[in-house]
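What follows is a structure written as structure tokens; I'll ask about it next.
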Amino acid sequence: MNMLLFFTLGLFVHFVFFVSIFDIYFTSPLVHGMTPQFTPLPPPAKRLVLFVADGLRADALYELDENGNSRAPFLRNIIMYEGSWGISHTRVPTESRPGHVALIAGFYEDVSAVAKGWKENPVEFDSLFNESKYTWSWGSPDILPMFAKGASGDHVYTYSYDAKTEDFGANDATKLDTWVFDNVKDFFDTARNNQSLFSKINEEKIVFFLHLLGIDTNGHAHRPSSRDYKDNIKKVDDGVKEIVSMFKHFYGNDGKTTFIFTSDHGMTDWGFHGAGHPSETLTPLVTWGAGIKYAQKVSAQQFDDAFLKEWRLENWKRQDINQGILPVDYLNNTDLFKAESMFTNAVQILEQFKVKMTQKKEVTLPFLFTPFKLLSDSKQLNILRKARSYIKQGKFDEAVSLCKELIHLALEGLSYYHTYDRFFLGINVVAGFVGWTSYASLLIIKSHSNLTRGLTVKKSSHLLPYGFLAAGLLVALFLLIQACPWTYYVYCLLPVPIWYAVLREFQVVQDLVASLLTFPLSHFVGYLLVFTVGIEVLVLSFFYRYMLTAGLIVFAGWPFLTKLWTQAKITSLSWTVFSLLLAVFPLMPVVGRTPDISLVMGAGLLVLLLSLFAVPSLIKRKGSLAKEELLVHLLQILSTVLSMYVVYSTNSSLLRKQGLPLMNQILSWAVLASSLVVPLLSSPALFQRLFSILLSLMSTYLLLSTGYEALFPLVLSCLMFVWIHMEQETLQQSGISCKKKLASIQFSYTMDITQFRQLYLDDIRRAFFLVFFLVTAFFGTGNIASINSFELASVYCFLTVFSPFMMGALMMWKILIPFVLVMCAFEAVQLTTQLSSKSLFLIVLVISDIMALHFFFLVKDYGSWLDIGTSISHYVIVMSMTIFLVFLNGLAQVLTTKKLRLRGKPKSHHM
């Protein structure tokens, strides 16, 4: 098969495998088409005022300061005398959009929203705002529009400030909250003189939503332990007090207003959120007013934590809730009202169950449909009749208990029908995975090894293509009858041509078996065991980063296990030293680290020192090309100096709360833009080009660093340089060819294909080294399986105004820089060992696919959301690595082989 066609098909196949988990595990759980259900009794309140203090941790609000005083005296007074309180438990991802959806729409956000940056509506959903008569909301332009766009009709009004004011480098983020409070006051002043508006805000079923972003912004910029974050809480408390007083005065203390104060998510000590740390998932809930129980004093309370004692709230009843679930215990109403509310809730969920069951039954062949047996039609009617009977008899507790049982069964049934096709789809994806990995392995053996050389090729049977064509038609017919979505056709039909391609190579399988039978059994078992252990170490490193340290320590001993130590002592010693140095990084803390600009400056000085060592050799060289290369080198030194200046200057400016200086921002983007162009101006000589790439990328990496991670690419590159030398030594040891002087080797875009050799067993080790170094580059300083592993402070040299996609792109480039360094070094290894990049890439593909199959089986959609998110991340990372390898391989080839001239025509370089 043509290699270009193979790689194109490979990208398509891996893209299908990549998106498959979202169809199999994470389709939208929402059900449409139910009949609305309402409680027959009148509500206790006419209006709701909802305060959401974005990014506010529960402990930050409830704890007392160093003087024993509350940071929020008004809200603490509510807890002690007027209302109910507790901890609201959020779920991962602890981001603003899913948090607000849980609060206002009553369900946990599905994964598809991540493609919209948690802003837009990937699926239509109902919300409290949509069911209200009118809703007025004030706050962030990132949050308010999603509920207005999702509403039917024109009754949800939003008032937002400019998105540019969400600046993490601003001198006073509390102005975001002050803006909200001032605009609410102005709104009510206007209403007094506007009869139309006045009549609207005196209707029933009215909601006022105040989104307060200042605390979140100060937390990101200065961390929750800062004076800025804590002072912002006091400002919010004062603002809430004024708004409550205004409402009471405006409505004449009619007792028909309910107030809720809460948060969408918390924040870690290092100023981030998104994962499942308690500081992110524990948020405050304080509620008072119409229909809410008054403060309840108790003598003792049982909780699994020590918060009550820490906060000195042991004697005030705490009632914890899960975000998005109505807490009946908070309601101050009759038992009849509670029972009717629970009955209505049960009927609503039962309606969803019925619609979901009908939808699945309609598209499934009758003899294949298996209903949910725990909730048959007769059982549904029986429970509903009993519950209604209990309510009529005044047995409200029994009715509530029965309704809770029905809700539990209906939710189980919803989950059953939602995951009805999961096993079927999973089997097809696994069949495709195994088939593709088998085909890639056979292609390696057939085209790039000596195992099948000289053996006759038998013509395949004509029955084979007809058999697979018939199988494909049967599968398509089966899916058509069941009215399956088009994605099912892709997952179910993809294995058919893949396994056809595998069985076409049956002769290669026979030849392989024949070759292996001549191989000593003990050697075969030994090699298989080593390969298996290596794969499992890579898989385990996704869960336990110290496995990378263990692997690098084994790598450090590699020269001593072979003859390399005797023939190249200095190279071997260098390999051991840099392997052990790199092994330190996975042991360093991933999260919670505080910025240490001195380490970034130290890394910059080391880069400058290495750069200056190269200057004398460039000065000694003669000719116009030598002058040009010296100029490029000096330009890269200047770029490093500028990066160090920008990092130091920006950090100082932000500490003084003067924001990001414009000149620093311009310089940062200029360094980033030039980092991929300047290396192309350097000499194509192997080590000169690699060193030039390191200098350019390190300039950008310094701008994206906040601490010790700035040293990581430097140590990694040193190990990569030694790796190139080590592979040269292994060539001489194996006797494959005479080793060439590295100093004489140049990167070339037009390679002589006659110099490529066949694959040997040692090449599997080289491919494994590449995968291991790529995983180390990925997890060396930050485990992105946890979204809070990286700090927003990393991008402050480029921008401080909140922009999730731009910030995400910059963080992604920070992750990819070590990747690019490894891939460029691997280009050199391929060149010096006379190996085709295609053959080694195929081995890497097989290794990463075996890892991906591991993680496919480990994907979860149950348990804690931290576990679920981590399992998704692991699979996505491995699949992305496979897809990105093609891109990175191309980028590495451009960076190493292309040559630009400062003047004149570009010059081609050949070996």
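Counting starts with 1 at the first residue shown.
Yeah, the Cβs are placed from backbone N, Cα and C, and that goes for glycine too.
Okay, so TrEMBL annotates it like this:
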DOMAIN    412-864  domain 'GPI ethanolamine phosphate transferase 1 C-terminal'
TRANSMEM  423-442  transmembrane segment
TRANSMEM  463-480  transmembrane segment
TRANSMEM  486-503  transmembrane segment
TRANSMEM  542-561  transmembrane segment
TRANSMEM  573-591  transmembrane segment
TRANSMEM  597-618  transmembrane segment
TRANSMEM  660-681  transmembrane segment
TRANSMEM  710-726  transmembrane segment
TRANSMEM  767-785  transmembrane segment
TRANSMEM  805-828  transmembrane segment
TRANSMEM  840-860  transmembrane segment
TRANSMEM  872-895  transmembrane segment
Just to confirm my parser: what is the rounded mean pLDDT across the domain 'GPI ethanolamine phosphate transferase 1 C-terminal' (412-864)?
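Per the prediction, mean pLDDT sits at 84 for the domain 'GPI ethanolamine phosphate transferase 1 C-terminal' (412-864).
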Who are the chain neighbours of the transmembrane segment (542-561) in space, where the CB to CB distance is under 8 Å and they lie at least 6 residues beyond its ends?
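Same-chain residues near the transmembrane segment (542-561) but 6 or more away: 568, 572, 575-576, 579-580, 582-584, 586-587, 590, 726, 769, 772, 775-776, 779-780, 783, 785, 855, 874, 877.
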Spell out yes or no: are there three or more C-beta pairs under 8 angstroms between the transmembrane segment (463-480) and the transmembrane segment (423-442), with each pair 6 or more apart in sequence?
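No, since the transmembrane segment (463-480) and the transmembrane segment (423-442) share fewer than 3 Cβ pairs closer than 8 Å, they do not count as touching.
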Honestly, do the transmembrane segment (573-591) and the transmembrane segment (872-895) touch, with at least three Cβ pairs under 8 Å and pairs 6 or more apart in sequence?
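Between the transmembrane segment (872-895) and the transmembrane segment (573-591), which are separate recorded stretches, there is no contact, as judged by 3 or more close Cβ pairs.
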Flag the pair the transmembrane segment (840-860) / the transmembrane segment (597-618) as in contact if three or more Cβ pairs fall under 8 Å (sequence separation 6 or more).
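No, since the transmembrane segment (840-860) and the transmembrane segment (597-618) share fewer than 3 Cβ pairs closer than 8 Å, they do not count as touching.
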